[in-house]
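Quick look at what TrEMBL annotates:
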- B:21-438: domain 'DUF112' (DOMAIN)
- B:21-40: transmembrane segment (TRANSMEM)
- B:46-70: transmembrane segment (TRANSMEM)
- B:110-132: transmembrane segment (TRANSMEM)
- B:152-183: transmembrane segment (TRANSMEM)
- B:195-218: transmembrane segment (TRANSMEM)
- B:259-282: transmembrane segment (TRANSMEM)
- B:319-343: transmembrane segment (TRANSMEM)
- B:355-375: transmembrane segment (TRANSMEM)
- B:387-406: transmembrane segment (TRANSMEM)
- B:412-428: transmembrane segment (TRANSMEM)
- B:462-487: transmembrane segment (TRANSMEM)
Amino acid sequence: MKKITGAILAAAMLTSGAAYAQAWPAKTITLVVPYAPGGYTDSVGRITAQFLEKELGQTVVVENKAGAGGIVGSDYVAKSAADGYTLCMCSVGAISVAPVAQKVEYDPLTSFTPISIVSEIPQTVIVNPNVPVNTIEEFVAYAKEHPGELDYGSSGAGGLMHFAVQLFASKTGTDLVHIPFGGGAPATAAVVSGEVDFTFTNMTDALPQLEANTVKGLAVTSEERSKFLPDLPTINETVVPGFSAVSWNGVMAPAGLPQEAVARLSDALKKMAADEGVIEAMGRVGASTVFITPEEYSKRLADEVAQWTATLEEIK
Amino acid sequence: MMETLGLLGHGLFVVLTPENLLLCLLGAVFGTLIGVLPGLGPVATISLLMPITFSLDPIGAIIMLSGIYYGAQYGGSTTAILVNIPGESTSVVTAIDGYKMAQQGRAGDALAIAAIGSFIAGCFGTLIIAFAGPPLAKVAQQFTSPEYFSLMVFGLVAAVVLANGSLISALAMIFLGLLLGMVGMDVNTGAARMTFGLIELSDGISFVAMALGLFGVAEVICNLEDAATRGLNSSRIGRIWPTRDVLKSARGAIARGTLLGSLFGILPGGGATMASFSSYALEKRVAKDRSRFGRGAIEGVAGPEAANNAAAQTSFIPLLTMGLPTSATMALMIGALTLHGIAPGPNVIVRQPDLFWGLIVSMFVGNVMLVIINLPMIGLWVKLLQIPYRLLFLFIVVISAIGVYSVNNSPFDIYLMIGFGLLGYLLRKFNAEPAPMLMGFVLGPMLEENFRRAMLTSRGDLMIFVERPISLGLLIISVLLIISIALPSVRAGREDVFQE
């Protein structure tokens, strides 16, 4: 049935782009979230689905397809029909990082039609209180004096938490030991308990611990300071100029989405980034809203893939 | 102490609004329902219901979502006992003796004891959160990779005790479980192991698919094979309310299970599962007549059920006092709280006293509601067994398939369940028990992960396992347990020789 509808749609698209533009969206849209329900991306996905539903006048259903750090769900969307009824709330991990580090069946630059990044969240450099440093500069100096002694936790090999620290290590000339955990939350917990010395963790996980002084915050990994932690310097302005490793979530469609649907979605997401209610909802999970054009998104993906490919070369 | 009582009073004030009481009841009812339906777990349900809670106030929302979670632990034992389908990993051991009891017409006893044990354990666990939450969270933090490794070693040794048949086949099943647990992506390198290129296997085999296949589907195949049960369900119904004797023999098991569960619950990663498995192992060790186990021993139901409910409550401790989740469900709770603008962290007790104490009091209220809901339902559940099996089995298979699918929205998991159903059928023909296999499957990956992490942090020094007191203690207990298992079987072996 799905195939028949797809075929009819495809035929309709060939004969008249305008007809398609009027028709889309004619039925329920599925927004695939490639992560488990309740997580950070899931929250962003639900906020986005709610807004798109209002804006496009069609039901938008969130469908969680978790697995392999987001690869399973992203792969599913890459292989879906480019009819605008299957979209992905993709994230940096499975799109920019994983394809560099491991074998996946999609190409981040050609398998998708990127629409826009919707939210960004910086990573926060947190250290266990027993590590005798109070600033990111002291941290780098300490790491240089104690090569191979500082352990860091990550959400698993080949994830953003792992690669961001590797990039940091290669730029600062430090030797840091990778201890993989099964996710971001246990890695943060390990810094609190002292099992590892530090981690570059999601700001959502870091904020409550920083507030309670169970960990020390040293810096954020975004190019600009975060509005949620304005006192923390960036790595970019202190020890590594040009350093940037942010976690983003963006709406992507399978490659070959008709231009009309791209434009319609892009317009909707532009409105969303400026919407007061959305800004407030995203703020609650520690994220800032973002809007970029499909072209800017494509370029950003190319830059990121290049950066992580270079980092992987250095790790090897 | 007095201060805590005062704060509990404050919590009572928070909960005793019509709205919050209703939400608590809704949570308990939903929880029981999904617990009863095999495969449908709290994770899928909470994520489905989470958007609905956005319009509620955060306290009401979390009261309801928590109710679903601990309610599911109550309900999970029902299908395990009635039709040998454990809905949750924690009710796998309940199925061993619970189902045997149902076959003997003692389903009422088993269900009532499960409900009573759950109630006592749930209330005790909640008391622990109220009076000892923060210090216990500190204890849990002492558990790092070497301690977990030793705990998993202990768990695997205990898995041998789980088996009621031959020692050799139990060992074989544990190793088969360990092997199946290795499937999936290696955390340390990201390399895929034994996935045959299937992306669906990259996160490993789904526990729910495996458990429902090995127990539920295999049971259905066996029952259909037997012409006697095919037409009409042969299980007798028996009485519904347990006698004083039954209550008396379950008493000790409930107390021990509650204590074990409260302790294990605070540990991240499989705490509740470890609790129910260990409780079964413990009951079997302390029993005068071990041969009753696997043939419908009430202690084998009472202990594990108390343990998993106590653990379900105390697993809130790391979440509420540190903001650290111990399981997928707890991670969902964090997600729900964050979406409501509350960042769960070490300051939540001070910052949100209404939430913390309100939630604790709601757990007492919820547990009372659950026992009130569940006890009268027993009559109804037991009547379900009167449904002709030719109809009942269809219902079991369909609901199981839906439940398996709902975990990851993945049709692949349904095929897995069917595959494990066939494997489970074969294992029965060889008289091999699936419970030790599941234990190996659950513990194996944690054993490996923590061993490798300990090796990384100690830079390859094996002494780390005996230098740390908690780890050393657990290893010593494991060795003692091995000796106590090995000695009688060596002796029994000799007796066999003499008899010939």
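Using the three backbone atoms N, Cα and C, a Cβ is placed for every residue, glycine included.
The stretches the transmembrane segment (B:462-487) and the transmembrane segment (B:46-70) are not in mutual contact, being linked by fewer than three Cβ pairs under 8 Å (pairs 6 or more apart in sequence). Between the transmembrane segment (B:387-406) and the transmembrane segment (B:412-428), the number of CB pairs under 8 angstroms, six or more residues apart, is three or more, so the stretches are in contact. Tertiary proximity for the transmembrane segment (B:195-218) is limited to same-chain residues at least six positions away from its ends with a CB under 8 Å from its CB atoms, namely 38-39, 41, 80, 83-86, 89, 92, 95, 180-181, 183-185, 396-397, 400, 403-404, 407-408, 410, 412-414, 416-425, 427-428, 434, 437-438, 441-442, 445. Packing against the transmembrane segment (B:152-183) from elsewhere in the chain are residues 93, 96, 193-195, 201, 204-205, 210, 274, 277-278, 280-281, 284-285, 293-295, 427, 430-448, 450, 474-475, 477-478, 481-482, 485, 489: each is 6 or more residues past its ends and has a CB under 8 Å from a CB in it. Counting Cβ pairs under 8 Å that are 6 or more residues apart, the transmembrane segment (B:21-40) and the transmembrane segment (B:110-132) reach fewer than 3 and are not in contact. Among the listed stretches B:46-70, B:110-132, B:412-428, the one sharing the most Cβ pairs under 8 Å with the transmembrane segment (B:355-375) is B:110-132. The average pLDDT for the domain 'DUF112' (B:21-438) in the predicted structure is 85. Nonlocal intrachain contacts for the transmembrane segment (B:412-428), taken as residues 6+ away from its ends with a CB within less than 8 angstroms of a stretch CB, comprise 173, 198, 200, 205-206, 208-210, 212-222, 400-401, 404-405, 434, 437.
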